[in-house]
Ligand SMILES: Nc1nc(=O)c2c([nH]1)NC[C@@H]1CN(c3ccc(C(=O)N[C@@H](CCC(=O)O)C(=O)O)cc3)C=[N+]21
């Protein structure tokens, strides 16, 4: 059994990005600038955005965090997005999800300039991805592909079962694993809350990608020997530690890892990869922006 070490791999990627930024600096070029908009005070969201800002600093990017109150109206957020779209100093930005109830998420994501949409959530970029055109691939799916690639995990002709059809993980992952090339060429089954007899399906999977958010959902009995297990779940479980919680994935790691050929841990698996790939997309956005507008 091999652990797919997201912490180490994300560090390697960040080192590679830093080397690119150092070259830009040596040439007197502008460095990539990422902005993150966060609406409200959700603890997990603030933690993630904080990690993104710190990661920017580590690789030498410029970063801006835009904090808006939980009572922000849709119009106010759309105005802020317009400002970021028009700000020539910003190469890419993200709107941290989830948004408060008064705001229509789809409307907001449609307002982001596709050229600055480093999350890859705009319909134009999602469509390009589905049509195999070059674009920003959403960071979590991109991070999973990168892990499979760097560990040389065989995906060709394999049966990949995805649990969860969210717009940011399950749905894009189902498209990406079925694409031509490596990692890809998989036969994909997308399962969700209306799926019947899920154990029968997961038991046949060569690769399982679980993005559900239910701790310990995937048990050893649901997995065949030598399966590849990708755990995208991150649930905060309260405890009496100093932080007051620890995070748990969807997979019963202790038992499933005994059967798996490759497995991602939580924490230290897909999560850190998400951040590294956001930086990669921002580097790409900077390069495109430079060609377009200098
Ligand atoms: N517009 C937008 N883009 C996102 O990419 C986005 C989002 N909204 N909303 C929420 C999800 C979640 N997400 C994570 C990023 C890093 C970790 C991460 O670094 N996790 C660490 C542990 C972090 C902890 O201790 O809580 C780990 O798994 O080892 C987790 C989750 C990005 N998301």
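Yeah, the Cβs are placed from backbone N, Cα and C, and that goes for glycine too.
Taken from TrEMBL, the feature domain 'Tetrahydrofolate dehydrogenase/cyclohydrolase catalytic' applies to 4-119. Break the domain 'Tetrahydrofolate dehydrogenase/cyclohydrolase catalytic' (4-119) down by DSSP state and the numbers are 61 helix, 19 strand, 36 coil.
Under the heading domain 'Tetrahydrofolate dehydrogenase/cyclohydrolase NAD(P)-binding', TrEMBL lists 138-289.
If you look up TrEMBL, you'll see 164, 165, 166, 234 marked as NADP(+) binding site. Counting only same-chain residues six or more apart in sequence, the Cβ atoms lying under 8 angstroms from the Cβ of residue 166 (NADP(+) binding site) belong to 211.
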Query = If you count Cβ atoms within 10 Å of the Cβ of residue 234 (NADP(+) binding site), leaving out that atom itself, what do you get?
reply = 20
Request  = Determine, from DSSP, whether residue 165 (NADP(+) binding site) sits in helix, strand or coil.
outcome  = coil
Inquiry  = Between all pairs in 164, 165, 166, 234 (listed as NADP(+) binders), what's the biggest Cα distance, rounded to the nearest Å?
reply    = 16
